[in-house]
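Each remark here refers to the structure printed beneath this line.
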Amino acid sequence: MLQKDPCQKQACEIQKCLQANNYMESKCQAVIQELRKCCARYPKGRSPVCSGFEKEEEEKLTLKSTSK
């Protein structure tokens, strides 16, 4: 049986916020932060909606290691 994404609710809240604020990401930082917090609570790959944040973190780590 397919498990429910544990961070789906936060992802939906981001979409609602963006729609309500004419897609101005700066006005939705609080809900984006809530999704980041949710993603941090679960192992990598557990929440498909977190995959973008996981990729972002990997890219940051790669840039740090190549800039030394």
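Keep in mind that glycine also has a Cβ here, set from the backbone N, Cα and C atoms.
The disulfide bond recorded by TrEMBL for C28 reaches one of C17, C38, C39; that cysteine is C17. In terms of C-alpha distance, the listed disulfide-bonded residues C7, C17, C28 place C7 closest to C39 (disulfide bond).
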